[in-house]
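Take a look at the structure set out below.
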There are 4 protein chains.
Amino acid sequence: MTIQNILSDLAASRQTREALYQDFHRHPELSLQEYRTAERIEAELRSYGIEVLRIGKTGVVGVINNGPGPVVAMRGDIDALPMAEQSGKDYAATGVTQLDEATGQQTPVAHTCGHDVHIVCLLGAAKALQDHRQDWSGTFLAVFQPGEENAAGAQAMVDAGIVDKLPKPDVYLGQHVLGTLPGGAVGIRSGALFSAAASVEITLYGKGSHGSMPNLGVDPIVLGAAIVTRLQTIVAREVAPRETAVVTVGSFHAGSKSNIIPDSAVLQLNTRAFDKAVEAHLHEAIERIVRAECEAARSPRPPQFRYYDRYPLTHNHAEPTARVRAAFDAYFGEDSVEMAPVPASEDFSIIPDAFGCPYSYWGLGGFADWKQAPGNHSPFFAPDLQPTLDRGVEAIIVAASPWLIGGVQ
Amino acid sequence: MTIQNILSDLAASRQTREALYQDFHRHPELSLQEYRTAERIEAELRSYGIEVLRIGKTGVVGVINNGPGPVVAMRGDIDALPMAEQSGKDYAATGVTQLDEATGQQTPVAHTCGHDVHIVCLLGAAKALQDHRQDWSGTFLAVFQPGEENAAGAQAMVDAGIVDKLPKPDVYLGQHVLGTLPGGAVGIRSGALFSAAASVEITLYGKGSHGSMPNLGVDPIVLGAAIVTRLQTIVAREVAPRETAVVTVGSFHAGSKSNIIPDSAVLQLNTRAFDKAVEAHLHEAIERIVRAECEAARSPRPPQFRYYDRYPLTHNHAEPTARVRAAFDAYFGEDSVEMAPVPASEDFSIIPDAFGCPYSYWGLGGFADWKQAPGNHSPFFAPDLQPTLDRGVEAIIVAASPWLIGGVQ
Amino acid sequence: MTIQNILSDLAASRQTREALYQDFHRHPELSLQEYRTAERIEAELRSYGIEVLRIGKTGVVGVINNGPGPVVAMRGDIDALPMAEQSGKDYAATGVTQLDEATGQQTPVAHTCGHDVHIVCLLGAAKALQDHRQDWSGTFLAVFQPGEENAAGAQAMVDAGIVDKLPKPDVYLGQHVLGTLPGGAVGIRSGALFSAAASVEITLYGKGSHGSMPNLGVDPIVLGAAIVTRLQTIVAREVAPRETAVVTVGSFHAGSKSNIIPDSAVLQLNTRAFDKAVEAHLHEAIERIVRAECEAARSPRPPQFRYYDRYPLTHNHAEPTARVRAAFDAYFGEDSVEMAPVPASEDFSIIPDAFGCPYSYWGLGGFADWKQAPGNHSPFFAPDLQPTLDRGVEAIIVAASPWLIGGVQ
Amino acid sequence: MTIQNILSDLAASRQTREALYQDFHRHPELSLQEYRTAERIEAELRSYGIEVLRIGKTGVVGVINNGPGPVVAMRGDIDALPMAEQSGKDYAATGVTQLDEATGQQTPVAHTCGHDVHIVCLLGAAKALQDHRQDWSGTFLAVFQPGEENAAGAQAMVDAGIVDKLPKPDVYLGQHVLGTLPGGAVGIRSGALFSAAASVEITLYGKGSHGSMPNLGVDPIVLGAAIVTRLQTIVAREVAPRETAVVTVGSFHAGSKSNIIPDSAVLQLNTRAFDKAVEAHLHEAIERIVRAECEAARSPRPPQFRYYDRYPLTHNHAEPTARVRAAFDAYFGEDSVEMAPVPASEDFSIIPDAFGCPYSYWGLGGFADWKQAPGNHSPFFAPDLQPTLDRGVEAIIVAASPWLIGGVQ
């Protein structure tokens, strides 16, 4: 009963998995429109003899019940991005487009965030576990999650009843291929890993007037400027200096002509925090300041706040993360590293939070020349095939081992 | 030799002038595209036996040389506005459109600023002077000026050589029909009458960055907000409290998404002042503050300033205005009133300033129910036919009388 | 019955009045501590045979009942300033000090605002009227008012019952010697003459903290800065551009050390307006903005507002001012001029407002070399003895003449 | 050759050391005026048979040359604070005052930062090393440093030539008794431990004017407010979100009266950073913003910047800190903890930086009831006598052991 046994077919299956990866890579699909992707995943799982549940439109879960023991869920996200790939790879998704159901427009699509790696590694790990049932005990759930890029897919699986349809995991695991770790390394840390993020659209109301008669109006541009200026005090004065928090006003739009005072202004803000209480404070402070400035300006209507693109905090639980880290250290040696928090965001934690179970998430280095690697979401992002695909399978088996084979080793 | 003699045909010609007015009203034309209007003016003047000069594409001057004596120029502006009339008059320009040569788009047009009144009153006065040459002496110039609404027409006549083509006036006169004076009244004041106005488009340069990494960028929205806020000190602290000055930021546009820090922002400002030195100070202060704030923000490129829609100050000269006022008082009695400065703007003064001659400009009340009158540029603006059209002719003759018949009366 | 008769002793009494002036000048006294001054005024009036009332501690009124006819009150203020005179005049109040009853400190005192001129001119006019009772008819009230400089003296006379103790005037007159008019000229205007003024002390509450832990406090300096910045929008955006209004923050005090966030800040503001509604708007806007900014900052306690040094608007009534102006024009010819509004303030109007009677106030040029004249409150302020002292007597008689001799002239 | 041998007299000497501590505690002295303290330290060292150097007025170094091997310096700071102790201890310095040589004023003094603990622990460790010379080899320097509280004492010893008078240490050690660690625990961390701190006094120049005539002046309060507001952008936008930085404006003083615009304003700022480059950025940004805002305001003179109370960053070197930590772990077990960075500041690093040698600094928990412990500089601060005094001696011997006995153990 060892990790090595479970992974003993890795070399033999390498070519098959690479071909599978290239197939997914050539067929990227937009968030919550991963129809072909989900079909293919389901077909693969079934071909391995694994039981499959569809949860929601494009969510897929492979379930391996293998005797008594802990339940381990592993998440792989499956969607691509609305952009044109420029990686130059021979398996690049050149010229691939998809009809965006939201806009009705045909749009380019590409796997420029590496979710295809996640799919194939999770399929590989599931097959290895299925093929070596004698080497472990417990339950393994391979959770193929749609819609990470629009922060809607994990919630969609929760809304579709994932909590009722699956046993509660003892641990919920996840991984992401990155250019910010050495190629082939696995990186993890306890605590805050990805920031909580949210966007807020704020509509401010003034009163229009001719530009030469400001006294007859309420100037929403002066109001908006006061707000933008005053918002700087949140990070500078209200948040503890050692906390990491960001309040960005990414757009400010008001008015059409120099000599007309407009009657409204629209600001779009983005917030980042590595602590839920800090994020709550940011939003409370934004609303407090905006409302107060509107009163200062005698704004004729209360401001409107619309929150969107909300990503939860990804905050690795200490106990399972320590177990994963110890397993990584033992198996990968120097390739097991400490990972720094990343100011990006993930919807990963929504499902384990819905289950009420702990989680742990790690990064997987995807580029030998990682110091020069393109960032995720770059049109040039395309990880090295190897050792990435092998390493991603190994990482899953190793991370799950403290639960699935740890007790019986 | 009296005013009364010159005006003796007023009643007899009334119907003809009203019909002429309705014709112009039904055929409004955009600024510097007053082709039919100029043709009609020229034809009228020639039919009165008056010599005509075309100055520029649509500028028309009628010249009456009538022996020794002062030269009096009277300006009537002739263009209409790109909007749909909603006056409900039976002679309304309903449904009239014109091809805007600048945009290539067909646009509605209407005489909602009353320039058609100005045309007909000036034609009427010219005819009266031509028909009663024995009652005055000197030279009368009827200056039909295009393009007031876009601040380009007076300059166009200057560029086309008006100064060289006409004798230098001893006084340059003008009038405007308004809803802010009692119907039938003439109002004038010495000194500042219409504000100087200018628009400034300011482009601010930042450095784009992901919204979660403000330290890698230079935020042009925070910079723009600082500028808008700081600009308030110009009127509040730098301009003398008794001066009238306005600095309005009419538009602020930057950014496209909440989580992207954009690399530039564009502000459009409008300034008003009743004194050239004050206007110069406003512009100096705006540039000073914008440049300094860009330095404070470590902006990577200097800001750009583009001035447009500049209107000069209309500041009635004291001596000729006193003469006009005395003539108005004597002729109109209680209908001759003091006019308050108006925060609107005019390009009237450009031509007399080019000549280096003094000028005087007055308002003409156009509505019996003036307290309820629609403002100029309102789609409902349409002055009462009478006494407006008569009174506008009388006002010209009376205002010119101190020069043309004053010495010989 | 003529002005000339009443003023026929002017030359003969000149030397006496100059000596009297120098005596007052050498004995300046602080606001509401004008003990010797009031004694001397009372003694003078009694020596002229005029009935005297003391109203309040240092208020003095001389009453001349002279048959049927209107009641004219003329005000002269009598207090000096807490500063050392540097005029260099041989009659300068060099080294004069007085115990300030409010602070318990000995302080220098000087007549650097010319109230001693007002005293002597009013005494001179009262004596002339008393000596020439056959030349006019009605009642003359010579109101010697204390405490103008601290805005408390007119109110003190109202509180002491002036309205019940004197007949209601038909007109209440006043004058001030100034360096902003040509020497010997009298200047008047209908409407706003002196601004309404008020001071407001605002205490802002924060929460103290070590400077390295701003999140544990509420920073009252950042709050105060936001307020000062935001207050600029009142004059720049809320007040009509043609109105004259000023909001000055004259002092800002907070904190004792660079690394301690203090728990409060104190601002002192001064406002000026030439219209009661505008002043009310300024104060409403200040309170609105301060309260809102305190909310934006999550200030732990509401801000406190203390109003002080409030001066009412001095806004000459049109009808009596027209009568005074006509009398000035007739008597003084070219020395009767239009006076521009002054951004200084006066408590003059408090008494006529308490009576509910109209008032008119004029300026008296006090310096031949007026273009170089020191301003009121300058340590160098000392008007020319003549023609100032004569002209000030004449101005009172002439201004009162439409009521006292106008009807019978 | 073991730590245990060196510390074998700890129990026997306990009472003597406690009495010594109480003596120092009862005789606190101000920074750089530690005359009695230095005398007593010198006398103690000599009584142990240790060679003594005086470096500067009140700096004392005990030197133990004990054969070949590394040079270890241990710093203990010795000064007290200008405040009245309120600890209620029977050995409290109740009523103790000292003449402050800087101000000429008698001021209360108290050891409310625990430097007396540092003295006695360092004396105790030096005596133990001197008494057990056979158990270690190398050189030990006991550096008693004056003037930590005013950031001037370490520099004073450098100025007095400490680098030339002593051998270059292989490591420079230090400790501080704190209420933020569990009682008896020792805490250390590699990297940033105490922030770099600096104060900046900024004088801004305006132009005075009467409050009603802002146009004649340059308002330094509006300027100061703009600066305070704009400074918030440094931490909010310019510093990387994961960095810890603070810019506090701790005092703002300008003006004396509501209606006088003053001619200057004075701000006092304090900055904190855990990285030298970040601190340099803060100061560059402060100066950039202040200068630019002065230009925006047309300030008549450049602003003045005066830096004071500068504390360097305390940033433990990785290699010696790892050795100290390992020694702590081995000796103290669970009482050896990781210490979090502290937003306070120290001048500790000035001497090792002058030597060009690495350093390591740790905290010593001083209160059993540490969750309720008063902060350093509180008038109630008075650590438990034990185990603090014992533990402080042990910590020094253990920390030095990798150098002094590590190689030969």
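The backbone N, Cα and C atoms fix where each Cβ goes, glycine too.
A coil conformation is recorded for B:GLU149 (Mn(2+) binding site) in the three-state DSSP classification, outside any helix or strand. Residues or ranges marked as Mn(2+) binding site by TrEMBL: B:CYS113, B:HIS115, B:GLU149, B:HIS176, B:HIS377.
Summarising the annotation, TrEMBL assigns domain 'Peptidase M20 dimerisation' to B:197-295.
DSSP assigns B:CYS113 (Mn(2+) binding site) to coil in the three-state reduction, outside any helix or strand. Other Cβ atoms within 10 Å of the Cβ of B:CYS113 (Mn(2+) binding site), summed over all protein chains shown, number 25.
Residue density at B:HIS377 (Mn(2+) binding site): 15 other Cβ atoms are found within 10 A of its Cβ, drawing on all protein chains shown. Each residue in the domain 'Peptidase M20 dimerisation' (B:197-295) gets a DSSP state, and the totals come to 42 helix, 35 strand, 22 coil. Of the chain residues outside the Mn(2+) site list B:CYS113, B:HIS115, B:GLU149, B:HIS176, B:HIS377, B:ASP77, B:ASP79, B:LEU81, B:THR112, B:GLY114, B:GLU148, B:ASN376 have their Cβ within 8 Å of the site's Cβ mean position.
By the criterion of other Cβ atoms within 10 Å of the residue's own Cβ, the least surrounded of the binding-site residues B:HIS115, B:GLU149, B:HIS176 is B:GLU149.
According to its DSSP assignment, B:HIS176 (Mn(2+) binding site) is in a strand. For the domain 'Peptidase M20 dimerisation' (B:197-295), the model gives a mean pLDDT of 95.
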